[in-house]
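A quick write-up on the structure given underneath.
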Ligand code: SF4
Ligand code: SF4
Ligand code: SF4
């Protein structure tokens with residue numbers, strides 16, 4: 001079995017981190033502008049085009065890419081493939097951060113941010129968005145619970161808060177100790193719950209557009225949209241883990257995890273293949289391939305999604321040579337991740353046609369800054385967490 | 001083009017119905033439309049574009065005075081949509097129709113919320129801030145709204161507008177059907193009261209359909225044989241008669257299936273009594289026990 005995860009204990013303030021800080025700052029300025037001038041002041045949104053990249057990327061894509069959390073948890077803990085445990089912690093961390101930032105993105109995007117709690121009290125069971133919101137909220141709590149033992153592992157027995165907070169040391173330590181003890185026994189409930197909730201809201205995210213049959217381009221509007229969202233989320237889970245683990249190990253110069261990641265790509269052939277069959281089959285069944293050659297930017301975007309995001313990486317992974325090279329696996333994974341990003345952007349932005357007003361939408365600079373700022377913050381916190389908490393596998397010579 | 005579009009919607013509807021799993025309770029989707037709502041019939045052949053309805057609407061609803069109230073000249077040069085300052089606007093369209101001197105004849109068309117029978121906005125609203133009332137009015141309750149704008153995404157008529165420049169307390173803005181007036185005995189919407197040519201008729205939806213059919217029968221050369229809003233997206237409270245194709249006056253070709261039908265069917269099939277998540281939980285729990293039976297509990301130490 002692999003050696004235990006450890007805090008990285010590397011210097012935090014690298015040049016890369018400083019670049020992140022610049023983006024975070026720019027994003028913060030744009031967010032302040034949004035809360036002083038209104039959404040209209042910082043975005044290109046209109047009445048014809050009410051959702052832009054804050055929903056399409058910050059929320060929809062964020063949720064999809066956090067899928068590594070539940071897919072690895074299912075594999076390692078439910079299906080008992082403990083071999084994969086070294087990658088569950090980073091995947092879990094990505095999910096925790098991803099969903100946290102989905103909520104922050106929503107706070108910026110919705111008009112009445114201070115009212116975000118209202119869906120807890122006013123229920124509309126007909127609303128797909130209501131279902132998504134409930135699941136995301138509960139799942140976020142579950143994720144924090146799943147993450148708590150990692151915090152406990154690092155700090156229990158040595159809680160040492162600075163200054164006046166030191167009075168709380170005993171209390172916090174007691175909390176961590178108890179949490180750790182109890183959670184160990186009931187964690188299986190949360191692990192399963194996490195998978196169930198993920199399946200629910202990943203698919204419901206696809207149902208969001210079903211209420212607008214005349215507004216979403218037929219290439220994407222299909223009754224099986226929820227199924228497509230669910231299968232693509234499951235299919236992108238492991239590639240996302242490959243993608244980020246490769247980036248992290250490279251940037252921290254850790255031991256490559258290719259050995260663990262390689263078998264994951266075999267599962268991906270199956271999962272992505274299933275998604276591809278559904279997606280192409282759906283197109284054939286509904287006869288929407290007639291749109292494929294009409295040359296509009298929407299169709300081209302669909303083609304790009306299907307070719308570069310699904311078919312090419314799938315074919316790549318069929319080759320043993322690709323699967324055995326770190327670079328090959330990474331490229332395929334990156335394509336799949338890009339494909340899912342493009343798919344979510346297509347469904348929520350590119351494929352959306354306002355019925356009466358011809359409104360081309362392209363995000364305003366400050367809209368983009370908010371999104372980039374959020375991503376930078378996410379990466380920054382990831383970095384802080386892996387520096388101080390046992391998430392990643394430390395290099396062998398230190399730990400073995 | 002119109003035909004293929006229509007057929008396309010039908011094909012999609014059929015595909016949807018066949019794919020959607022039946023809920024365990026086994027009930028099909030049912031319309032929640034009120035049985036005998038009020039409505040308005042707009043006869044575009046009567047509208048002269050005086051924009052009095054815009055003025056009355058603004059006054060009744062406490063909105064700012066319409067742009068260039070007394071100018072029937074330049075205002076029509078741009079195609080307007082209802083927005084956060086106006087619940088209704090009148091546009092002018094040249095559709096190729098000419099009079100006996102070969103001069104192009106304009107058609108004027110008022111737009112506002114259609115007060116759909118099974119409104120997409122109501123189905124979509126996360127908190128139920130939008131509701132369909134017995135009167136037929138689709139009402140908005142700002143105290144529940146969180147400003148997610150899903151209602152705007154859902155509306156097939158592109159109606160709800162947003163106060164995009166209010167940073168903290170923006171509202172969704174759309175025609176109220178003058179609920180405060182029509183919910184009282186004998187009350188009539190502002191726009192319908194004022195119209196000098198009686199282009200807007202207010203009444204029970206069923207009565208209006210009779211009126212419309214009568215007009216079509218008595219003057220078939222004058223009208224297209226179609227009551228817009230009778231069947232579109234399952235029927236709307238506001239309906240239109242016209243002498244020119246509806247698509248040319250910005251009333252979109254729409255399927256007869258109510259917009260929320262598929263999403264609600266899918267959603268309820270999957271989640272009624274939470275049967276599917278509970279089932280999934282059980283199956284996963286079983287698998288977990290099976291796969292891990294020889295191991296120590298793997299679940300310690302942060303997943
Ligand atoms: S027209 Fe739009 S806003 Fe009005 S009731 Fe129908 S769906 Fe709702
Ligand atoms: S913006 Fe308000 S009214 Fe519209 S769907 Fe969201 S919560 Fe409901
Ligand atoms: S019904 Fe009332 S709110 Fe709606 S357009 Fe007429 S006057 Fe305005």
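Positions of Cβ are set from backbone N, Cα and C atoms, glycine also.
Nobody curates TrEMBL annotations by hand; they come from automatic prediction.
Within the set A:128-148, A:149-169, the record from TrEMBL flags A:128-148 under the feature transmembrane segment. A Cβ distance under 8 Å defines the sequence-distant neighbours of the transmembrane segment (A:301-319), meaning residues of its chain 6+ beyond its ends; these are 217, 219-220, 239, 265-266, 268-269, 272-273, 275-276, 279-280, 291-292, 328, 331-333, 335-336, 338-340, 342-343, 346, 350-351.
Note: the stretches the transmembrane segment (A:328-349) and the transmembrane segment (A:53-79) are in contact (3+ CB pairs below 8 A, sequence gap of 6 or more).
Most Cβ pairs within less than 8 Å of the transmembrane segment (A:53-79), among stretches A:12-33, A:186-212, A:369-391, belong to A:186-212. Each of A:186-212, A:224-243, A:369-391 was scored by its Cβ pairs under 8 Å to the transmembrane segment (A:128-148), and the highest score goes to A:186-212. The stretch in A:12-33, A:224-243, A:369-391 that contributes the largest number of Cβ pairs under 8 Å to the transmembrane segment (A:186-212) is A:224-243. Packing against the transmembrane segment (A:224-243) from elsewhere in the chain are residues 63-65, 67-72, 87, 90-91, 94, 198-199, 202-207, 209-210, 261, 264-265, 267-268, 271-272, 274-275, 278-279, 282, 313, 329-330, 332-334, 336-337, 339-340, 343, 347: each is 6 or more residues past its ends and has a CB under 8 Å from a CB in it.
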